[in-house]
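Participant: This is the structure I want to talk about, given as C-alpha cells.
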Amino acid sequence: MASVSALTEELESVASELHAIDIQIQELTERRQELLQRKSVLTGKIKQYLEDSSAEASSDLDTSPAAWNKEDFPWFGKVKDVLQNVFKLQKFRPLQLETINVTMARKDIFLVMPTGGGKSLCYQLPALCSDGFTLVICPLISLMEDQLMVLKQLGISATMLNASSSKEHVKWVHAEMVNKNSQLKLIYVTPEKIAKSKMFMSRLEKAYEAGRLTGAAVDEVHCCSQWGHDFRPDYKALGILKRQFPNASLMGLTATATNHVLKDVQKILCVGKCLTFTASFNRPNLFYEVRQKPSSAEDFTEDIVKLINGRYKGQSGIIYCFSQKDSEQITISLQKLGIHAGTYHANMEPEDKTKVHTQWSANELQVVVATVAFGMGIDKPDVRFVIHHSMSKSMENYYQESGRAGRDDSRADCILYYGFGDIFRISSMVVMENVGQQKLYEMVSYCQNVSKCRRVLIAQHFDEVWNADACNKMCDNCCKDVSFEKKNVTQHCRDLIKILKQAEGLNEKLTPLKLIDAWMGKGAAKLRVAGVVAPALPREDLERIVAHALLQQYLKEDYSFTAYATISYLKVGPRACLLSNEAHAVTMQVKKSAQSSVRGALSEARQVEQVDSKGEEQSSGNSQKSKSRLQPSGSKNAGAKKRKLDDA
C-alpha cells in the first residue's frame, strides 16, 4: 500500500497540474472573449457597409466624391472666381471642390479631413457664393479669432458673437441677420450661444424665415459625441438647427472622428440622409518623432533650447504642455535664455490671449507655449515644429495638435517627449471621463512602440490601412537602421506582482514611483521582497516594463481622491494570475544592442540559434551576473550578454 507521503506528493502534483490547466482555460477564455468581441465589431461593420451601400443604391443622392468632382455645375463659374480673386488660390485641395459642390446643392455633409487640409474653405467659399449668411459653430474663441483675422485680411465681411461681445455689437449683428442688403457673410458663435441664448435663436428663426440663413457649419463636430475625444455637452443642443431650419444645409467638419463617432454625431444633429467624405489622414510633409523625456527640468529645457536655436533658428513653432503651470514656467525659462516665447492657456484674460496669438501670427513671437486651449482652428501656415512637452491625453488630441505644423506643405517636425510620470499625471486628470483611460493608454502604446511606422500606428487608430513603405522615412521608427528582437520580461512582471502583493498585505498603497523604488531596492525596507533581486537595468528601462505591464493588464491603476488631488496607485491587474503559469510569457520588442563587429553579431546569432534549437542553457562565465537582464523571448540562456533595453 502506498505511503501517505507518496499519495500526498501525487495529490500535490495533480493539484499543480489542475492549477496549470485552470490558467490555460482562463487564457483561452480570455482569448475567446477577445475574438468574440472582434467578431462582433467586424459583423457590425459589414452590416453597416451593406446598409450604406443599399441606401446609396436606392437613393437619388449620389454619395461618391467622384460624382461631385465636376466643373459643369451652374455655380462653378462663380466658385472659381471667388477662389482665385477673393481667396487668392489657384486650385482646390483634395475633396474641397466636391464638398463645396455638395454645399452649393444644399445637401448635408460630414467632412473628415486632416488638420491643415483646408476644411474652412469648404464653408467659407459657398457662403460668399450664396445670398444671406452662413452660421459657423466653433468650440473655442481662439479658433474664431484666427478665422476672422484671415477673413478680414481677405476683405470678407464676417463677425463673431461670444460672452464678451458688447451690447452694441450684439445689436448690430442681430440687425444684420435680417437685413436683406447686408454684406455680412459669416457669423461665428460658440455652441453655448445656440444652447443658452433664446434671443439669438429667436433672431435666427427670423433670419431663416426671411431667407437669410442659407447654411450652418459645425466645426470640430466630433465634440457632439461622448465617444469623441473632446466631448462638450453644449454640442448636444445643436440638433435644434436641423429641426428648426430643415432647408438650411448643414456641414459637419472634423479631423479626427472614427466611423463610430460619426454615426453617433449624425443622430445627435438630427441629420437623416447626408454625404460623408473622408480624406486620408496622412500628412506626408510631417516628420513624427518620440523622444525620451529627460529626468531633470534643466536638461529638458536645455534640450528644447538647442532645438529652437539650432534646427529651428528663426522659425515658428508651438510647444504643448500638460498644465497651465507648466506652460508659464517653460515660457519663463525660454525667455531667460533669449527665446521670444509667449504663454497661452484658458485662464488668461481674453485680450492677453488675443495679443499672444496676434504677435505669434505676425512672427513677433517665435514660440507659443500653450495648453490645449491654443487649439482647434489655429491656421498659421509656416509652423515648422510642434513639440509636445508631455504627451497628449489621446491619439485624437495628438493628431490634431501635431497637425498644426506644416500647413504650407513644407517639411515640419512633430516631436513628442514621452515621460513615465506623465502617464499617471494625465490618468488622474481623465479618470472621470467616459473613455479617458482607454484613450490615454492608446497614446501610451504609441509612445512605447519603438519599431512600427508612426503613420501605421496613427492609421490603425483612425480605421485606415497604411503601407509603411509609403512613409518615405518621415518618422523616427522608419529611419532606424537597426534590428529588433523580443525580450522576455516575464520574471520582471512576476517580481512586480510579488512587491504589490506584499504591500497589499501590509495595507500599503504604492504609487508607480514607489513601486519602481521598491523594485530597485530603494525606499522603505518593508516594501522590498526577499528573493526579488534589483534588475541591473537603467531606471527608464524599468519604467518601460512597468508601462508595458500596465498596458497588458498585469497591473492596473487605482485612484485615491483627496480634497486637492487625485492620486494614482498601482495594483495587481486582472491578468496577473496568468503569470503563475510557467508556460506563460510576457515579451517586449526592443532594439538589438550594437555589436562591435559583424563577426560578433554572427557569433551571437549562432549562439541564440543553438539555444532555440537545443532548448538548453549555454555555458557562460557571466551566468550568475546577468540573471536580472532581459533575455531573448523563448531562450533559457542565462549567460547572454548584458544589454540595455533600448528606447527610440
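Just so you know, glycine gets a Cβ as well, placed from its N, Cα and C.
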Participant: To which of Cys447, Cys453 does Swiss-Prot also attribute binding of Zn(2+) at the site defined by Cys471, Cys475, Cys478?
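Facilitator: Only hit among Cys447, Cys453 in Swiss-Prot's Zn(2+) site, alongside Cys471, Cys475, Cys478: Cys453.
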Participant: Motif 'DEVH box' per Swiss-Prot: which of the ranges 91-94, 219-222, 435-438, 483-486 is that?
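Facilitator: From Swiss-Prot, the annotated motif 'DEVH box' range turns out to be 219-222.
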Participant: State the Cα to Cα distance, in Å, between Thr115 (ATP binding site) and Cys475 (Zn(2+) binding site), rounded to an integer.
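Facilitator: About 18 Å separates the two Cα atoms.
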Participant: Looking at the motif 'DEVH box' (219-222) alone, can you tell me the average pLDDT?
Facilitator: 86
Participant: For the Zn(2+) site given as Cys453, Cys471, Cys475, Cys478, which other residues of the same chain have their Cβ within 8 Å of the site's Cβ centre?
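Facilitator: Not counting the recorded site residues, we get Tyr288, Arg454, Arg455, Val456, Ala468, Asn472, Lys473, Met474, Asp476, Asn477, Cys479.
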Participant: When the Cα of Cys475 (Zn(2+) binding site) is compared with the Cα of each of the binding-site residues Pro114, Gly117, Gly118, which one is closest?
Facilitator: Pro114
Participant: Closest to Cys478 (Zn(2+) binding site): which of the binding-site residues Gly117, Gly118, Ser120, going by Cα position?
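Facilitator: So, of the listed binding-site residues, the one sitting closest to Cys478 (Zn(2+) binding site) is Gly117.
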Participant: Using the Cβ center of Met113, Pro114, Thr115, Gly116, Gly117, Gly118, Lys119, Ser120 as the ATP site position, which other residues in that chain lie within 8 Å, going by their Cβ?
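Facilitator: Checked against the 8 Å cutoff, the neighbours are Arg93, Ala255, Ala279, Gly403.
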